[in-house]
Amino acid sequence: MLFKDEMLRCYLIGGSQDTHHDPDEFLTKVEAAMQAGITAFQYREKGTSTLSKAETLALGQQVRELATKYGVPLFVDDDLELAAAIKADGIHVGQKDQRIEEVLAAVGDQLMVGYSCNTAPQVAHANQLNVDYIGTGPVFPTISKDDAGSALGVEGLADFVEQSAHPVVAIGGISMDNVGATLTSGCAGLSMISMVLGADDVAGTVKKILELY
C-alpha cells in the first residue's frame, strides 16, 4: 500500500487497554470508527495491556479483518513480528522503540513507516530518513500515554510542521474543543485515542472530525 497524506486526517490509535481492558468493546468501537470513516488505524496493545502475546496476535488478526473490510490502512505500533503476522500495511516507531534505521532496513518498501518526533533534533533526524510521516506531540496534556512528555501547544506543533520534510500528524490531548486550533498548525492530520475510543458516540465523533477538512 502506498502512503498518502490523507491517511493522517483521522488516525485512530488504540488497544484493549483503551476500552477498559475489554477486547470485545475494543473491536466494537474500532469497527464503528472504521465504518464512520477513520483514515487509518494503529493497533497499539501496550502500556497497561493485560493481553498475552497470543491474545495480542488473535486480537490483531480480528483488527486486520475489520481493516480489510472497511479499506482502512492498518499500522502496528513497534512490533515488526506482529506487523508481519497480521499483514499490517505499516508500522509506527517511537523514540524508545527499536532503532528507526533498523526498522527501515528490515521493511524496505514493504511497509509504510511512521516515526514519533517530539523535539526539534528528532525532527531534524527524521528529515534524513525515508519515513512516510512523523507523529508529533503531545500537543496538549494527555493521560492516554504514560510516557508522554510535556505539551508542545499549537505554536510548538506549527514550528515542527514547518521544520519537517515529512507530513506531520498531531497527537496528544486532542479533543473536540481544540481540533480546529490544532489544524491551524498546518499538520496533515489528527491522531487520537481516548477522544474516539472513550466517546459514547464513536461514529458521531469521527464524523465531526472529518467535517473539519
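Every residue gets a Cβ built from N, Cα and C, even glycine.
Keep in mind that this is a model prediction, so the values were computed, not measured.
According to TrEMBL, the protein has these features:
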type    : residues                                 : note
BINDING : Q42, Y43, R44, E45, K46, D77, S116, K145 : 4-amino-2-methyl-5-(diphosphooxymethyl)pyrimidine binding site
BINDING : D78, D97                                 : Mg(2+) binding site
DOMAIN  : 10-195                                   : domain 'Thiamine phosphate synthase/TenI'
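Rounded to a whole value, the Cα-Cα separation of Y43 (4-amino-2-methyl-5-(diphosphooxymethyl)pyrimidine binding site) and D78 (Mg(2+) binding site) is 10 Å. Minimal Cβ crowding within 10 Å, among the binding-site residues R44, K46, is found at K46. Rounded to a whole number, the C-alpha distance linking S116 (4-amino-2-methyl-5-(diphosphooxymethyl)pyrimidine binding site) with D97 (Mg(2+) binding site) is 10 angstrom. Working note on the binding-site residues E45, D77, D97: by count of other C-beta atoms within 10 Å of each C-beta, E45 ranks first. Across the structure, R44 (4-amino-2-methyl-5-(diphosphooxymethyl)pyrimidine binding site) and D78 (Mg(2+) binding site) place their CA atoms 8 angstrom apart. Within 10 Å of its Cβ, the residue among the binding-site residues Q42, S116 with the fewest other Cβ atoms is S116. This prediction places the mean pLDDT of the domain 'Thiamine phosphate synthase/TenI' (10-195) at 95. Around D78 (Mg(2+) binding site), the C-beta neighbours below 8 angstroms that are at least 6 residues distant in the chain are K46, I91, H92, V93, G94, D97, Q98. According to DSSP, R44 (4-amino-2-methyl-5-(diphosphooxymethyl)pyrimidine binding site) is assigned to coil rather than to any helix or strand.
Cβ neighbour count for Y43 (4-amino-2-methyl-5-(diphosphooxymethyl)pyrimidine binding site) (all protein chains, 10 Å cutoff from its Cβ): 27. DSSP assigns S116 (4-amino-2-methyl-5-(diphosphooxymethyl)pyrimidine binding site) to a strand in the three-state reduction.
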